[in-house]
Amino acid sequence: MDIIFVIIFLILLGWVLKSLGFLSEKDKITLNNLVIYVGMPALVFNSMLTNVKSSDLASFFKLTLFILIISLLCAFVSYLVGKKILKLQPKSLAAFILVCACGNTAFMGFPIITGFYGTEGFTRAIFCDVATLIVVVGLASYLGAKVSGQKVNVFKQVLKFPPSIAWAIALVLILLGINMEMFPTFVPTVLDLLAGIVVPLIMISLGVSLSGKYLKIALIPAVGVTIIQLIIAPIMGILISPLFSFAALDKKVAILESGMPPAMTPAIFAEIYGFDTKLISASIFLSTVVSLGSIPLLHLILEAGLV
């Protein structure tokens, strides 16, 4: 549980540094680039080649399928809620669906899962995030074409995403029977050092990014997103997890990842396609703050064996 206090401290540190003028909104781009282009590829590559064997892949890909199903169910629920109950306009509805369907399985999920379950848990979280990547790309492309008529080749951008490249290279090496023990000893040492920047920089960047300035004008949709992401999604995860015959650790990681707050990437695609960015900003802020309480509660429920 200490990891939650560490995360809260680092997020607050980012917020304080921004409030004091030491960091600005622009600085989060630099922080995120360090994570995306340096830290996370090192972390993914090292963890995959250290902890994954080719015989594990079938069970690990069940995690990908699980999160994919949960995300699509959330998209369906959010469509019904947004259209029938909230009666959102098309661009706001697209934003609502996208932010509800894409949990923060990487930037929030990786450090939290690693804190709770170590590198074995983190390795499983990587396969969960593959599903999130598929969903955000697929949904953003579909909704963008439907709502704004724009056709942006988002898949090409994903292929350039360094953590995805690191994952794909590691996967090929694993299938070839290569692991980290076959590399010179300095390689894992360097990768460990580079990977060490991931958690603090992610959390500080999150603290810099969080802003509640749009909460007043998008409060009701933001509450809807929070309920769908932090309550309905993990409940659906708990209900369908028996269908996957997960091992104990796999089940815990899968359900925790299903209860993460919204990812930051929908905000990027909202800018590209002209979706309601204020709704997304408010939803990310509220859900992330609430998740600092809901995730530890979900973890306690899982560890107590109540589900």
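Every residue gets a Cβ built from N, Cα and C, even glycine.
All TrEMBL annotations are machine predictions without curation.
With a cut-off of 8 Å between Cβ atoms, the residues of this chain six or more beyond the transmembrane segment (6-23) that come close are 111-112, 115, 199-200, 203-210, 292. Sequence annotations record features per position, and here TrEMBL assigns transmembrane segment to 6-23 (among others).
What TrEMBL lists as transmembrane segment is 30-48 (among others).
The transmembrane segment annotation in TrEMBL covers 60-81 (among others).
If you look up TrEMBL, you'll see 93-118 (among others) marked as transmembrane segment. Tertiary proximity for the transmembrane segment (93-118) is limited to same-chain residues at least six positions away from its ends with a CB under 8 Å from its CB atoms, namely 2-4, 6-7, 35, 40, 43, 67, 71-72, 74-75, 77-79, 81-83, 86, 124-126, 128-129, 131-132, 135-136, 139-140, 143-144, 146-147, 163, 198-199, 202-203, 206, 221, 224-225, 228-229, 233, 249, 252-253, 256-266, 269-270, 273, 275-277, 279-280, 283-284, 288, 291, 295, 299.
Taken from TrEMBL, the feature transmembrane segment covers 124-145 (among others).
If you look up TrEMBL, you'll see 165-187 (among others) marked as transmembrane segment.
The transmembrane segment feature in TrEMBL is assigned to 193-210 (among others).
Summarising the annotation, TrEMBL assigns transmembrane segment to 217-240 (among others).
Sequence-distant contacts of the transmembrane segment (279-302) (same chain, at least 6 residues past either end, Cβ-Cβ under 8 Å): 1, 4, 7-8, 11, 92, 95-96, 98-99, 104, 108, 112, 116, 206, 210-215, 217-219, 221-223, 225-226, 229-231, 234, 251-252, 255-256, 259-262, 264, 266-267, 270. Per TrEMBL, transmembrane segment is recorded for 279-302 (among others).
Sequence-distant neighbours of the transmembrane segment (60-81) (same chain, 6+ residues past either end, Cβ-Cβ under 8 Å): 52, 93, 96-97, 100-103, 105, 123-124, 127-132, 134-135, 139, 224-225, 228-229, 232-233, 236-237, 240-241, 244, 246, 250, 253-254, 257-258. Away from its own ends, the transmembrane segment (193-210) comes close to residues 6-7, 10-18, 23-25, 27-28, 31-32, 34-35, 38-40, 42-43, 46, 107-108, 110-111, 114, 264, 284-285, 288-289 of its chain (Cβ-Cβ under 8 Å, at least six residues beyond either end).
Cβ atoms under 8 Å from those of the transmembrane segment (165-187) belong to residues 40-42, 44-46, 48-50, 52-54, 57, 126, 130, 159 of the same chain, restricted to positions at least 6 beyond its ends.
Note on the transmembrane segment (30-48): residues 106-107, 110, 119, 122-123, 126, 161-163, 165-167, 169-171, 174, 180, 188, 190-192, 194-198, 201-202, 204-205, 208 of its chain, located 6 or more positions outside it, place their CB under 8 angstroms from a CB of the stretch.
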